[in-house]
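Novice: Below, the features straight out of TrEMBL:
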DOMAIN    B:7-123  domain 'SiaC family regulatory phosphoprotein'
Amino acid sequence: MQDIKMGFNLEEWYAHKLQGDVIFKYTGSISPEMITHALEAVEDSPLLRKERLQTRKKVYNVFVECLQNLYHHVDAPPAGLSAGGSPNFGIVCLVHDGSFFRVTTGNFILRSKVNFIKDRIEQLNSLSDEEVRMLYRDILGNEALSEKGGGGLGMLDIVRKTGNKLEYFLYPYDGEHIFFSLDVYIS
Amino acid sequence: METIIREDTPKTPYVKLDGEKGVVEIKGRSIPENSVEFYKPLIDWIDEYGDDPKDNTIINIQLEYFNTSSSKCILDIFKKLELLFKKGFKVQVNWYYEEDDEDMFEAGEDYQSIINLPFKMIEMEE
């Protein structure tokens, strides 16, 4: 792929994210079938099988939430993207990076959503572990399911399970699109 | 009431709804993209069961993984059973978790803090 706009090079971003031992990588349409295959691949990974049960389950759980977040929330990519033109275009990789497992996702979003995503992540990152737990219970107990079935718990669950802050970047891509890069670290 | 059994799939759990014994079992992994579609028939069944329930109802939850969209549906099941409990019927939740699986233990604690049902946390050896 060779997609460079406004100083952001998708190919370079991807290559950088693949540093470490790659357990799974994918670029293209995020569909329920793709998610099933991805989960099978991750479960079969010898690198993960060496880990203790709790780490394995955490990685799997967080990976599921990241993939399903993508599935429910991606916007269609810019026209003419050489990396792929599916409306549900996303990039995901799971890498063993030093003492961490890292799930990275990348997808295009419309500029109009930038503030919402930024505020949401900043809010989650500002909370203590206990606050995350209380907020999770509060949303689980009080809020109805969203139309997409997510219930607003996905990101919160990721933060809770990993105990780590979400690392994200929003790269302007063109007048309409922003490339949203998210790194989740599981120790 | 008829017994419903659903075999597990890579993304949905084994489910047994036994109206004769008053036992609900959910076992395996629950990570469908559309959890409402999967759980709605089960919740409807419990709703109907509530019209003429057994004196004792037991729900066994033994999940390996579940996604956040399933978590809301599981809560909806508990809420239906909570209605029975409020009417004076006995209801027992057995929440199974694997030894060392703190996340699943905490998930059980979450539900315990939200719903008013007798809750038993049962640790399983690896």
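Even glycines carry a Cβ here, placed using N, Cα and C.
Curation plays no part in TrEMBL annotations; they are all automatic predictions.
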Novice: Per DSSP, what is the helix/strand/coil residue tally across the domain 'SiaC family regulatory phosphoprotein' (B:7-123)?
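Specialist: Helix, strand, coil within the domain 'SiaC family regulatory phosphoprotein' (B:7-123): 47 helix, 38 strand, 32 coil.
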Novice: Mean pLDDT over the domain 'SiaC family regulatory phosphoprotein' (B:7-123): what is the value?
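Specialist: Averaging the confidence scores along the domain 'SiaC family regulatory phosphoprotein' (B:7-123) gives 94.
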